[in-house]
Each structure stands twice: as C-alpha cells, then as structure tokens.
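Colleague: Just dropping this structure here.
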C-alpha cells in the first residue's frame with residue numbers, strides 16, 4: 001500500500017464557538033501535561049505530511065503551535081464543513097490529493113487514524129469517515145469530523161455550502177461514504193470535550209492515556 005502520508009494534508013478543525021465552555025478557543029484548555037489542541041497535534045502530526053489548523057480570527061494566537069492557520073474559504077458559514085472546504089482549498093493549491101480532518105476537542109484520537117481511513121477508501125466510497133460501535137446496542141456511532149476527503153470534491157462542496165447544506169453526512173451521502181470502525185477499548189478515542197464535566201473526565205483520563213507505553217491499537 002502506498003504510504004498515505006505522502007498524499008495527505010492534516011487539518012485540525014478548531015472553529016467551534018465553545019458556548020457551553022464559556023466561549024474562546026476550547027482546544028486551549030489544559031489537560032495537565034498538554035492542552036487539548038497540543039494533544040491533537042502530537043497525535044496527528046506523525047500521520048500526515050503537513051498539518052494545518054483551521055480557525056478564524058487572529059491567527060497569531062496560535063503562533064506557539066508552529067502550524068499554518070487556514071481561515072474558512074466561505075466566511076460566515078458556520079459548521080465543520082466550512083473548515084473541510086478551507087482545508088481542501090489549501091491542500092489542492094499545494095498539490096495534495098486528500099485531507100485528513102480531526103476536531104480540536106478530541107485529544108485521544110487514534111494514532112492509526114490516517115491508515116485506517118486510507119485502507120477503507122474505495123472508488124465507490126471516496127470519502128471515508130470514522131465510526132465506533134456502541135457497546136450497549138451494537139449500533140454504529142458516527143464521528144464525521146474525523147475523515148479522509150478527496151480535494152477533487154471541493155467545488156461540489158463549495159456549491160453545497162452556498163446552497164445551505166451544513167450537515168456533514170447530508171453532503172457526504174451524495175458521493176458515497178465509507179466508514180472505518182475503531183475499537184472503544186481500552187478507551188474511546190473519539191471522546192470529546194463539550195461541557196465542563198467532559199473536561200473533568202478528560203483530565204482524569206489524560207495521565208493514563210498519555211502514559212501508555214504504546215499508542216492505542218485503533219486503526220493500527
């Protein structure tokens with residue numbers, strides 16, 4: 001298999017308003033040894049050739065991360081799809097065929113995310129998104145902000161956003177979506193911080209997860 005890193009630009013989606021967390025840049029909240037966004041950078045950087053950050057406003061506030069900051073291509077259109085388009089445009093201008101997206105508030109994302117999504121890609125499913133199985137019901141739980149996206153679809157996405165499409169799956173279903181399933185043991189790699197209680201839990205988990213001798217097996 002071709003090393004996917006040569007064709008992938010990683011894009012951290014950090015454009016959320018974080019209203020339930022008091023506003024501001026949620027990814028800057030500390031987990032103890034690292035902030036959430038630093039944890040995402042550390043986990044995602046080895047998986048792609050280049051890594052950028054999608055965020056609006058003054059990019060200087062992220063200067064310490066050493067990442068190029070890419071603003072939304074279509075200002076005023078909220079939601080992660082606007083960030084996906086910004087990443088696609090940025091990647092296409094630099095010769096990349098795909099982007100790998102991850103949310104800035106999900107610090108324990110799989111170390112093997114890129115490889116698993118790449119292996120699940122087919123001609124019929126050019127977009128591949130992450131999923132887990134609910135332990136209680138066995139049903140698939142979708143995590144659509146974590147995905148592999150071909151930049152060749154960027155003009156279609158631009159038109160969809162202009163037409164008012166804002167939900168990821170409403171757009172991806174038009175093109176064929178593959179799903180890469182990840183295990184939720186020994187921890188859920190897509191646990192994200194949406195409320196103060198989530199942050200407390202993430203802080204308790206962080207020393208255990210960051211202290212593992214090896215990365216989690218998801219996608220490896």
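Cβ atoms are placed via backbone N, Cα and C, with glycine included.
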Colleague: Looking at the GTP binding annotation from TrEMBL, with 13, 14, 15, 26, 54, 105 already listed, which candidate in 72, 133, 134 is the matching residue?
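Modeller: Looking at 72, 133, 134, the one TrEMBL places in the GTP site next to 13, 14, 15, 26, 54, 105 is 72.
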Colleague: Over the domain 'MobA-like NTP transferase' (10-166), what does the predicted model average in pLDDT?
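Modeller: That region's mean pLDDT is 93.
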Colleague: Counting across all protein chains shown, how many other Cβ atoms sit within 10 Å of the Cβ of residue 14 (GTP binding site)?
Modeller: 26
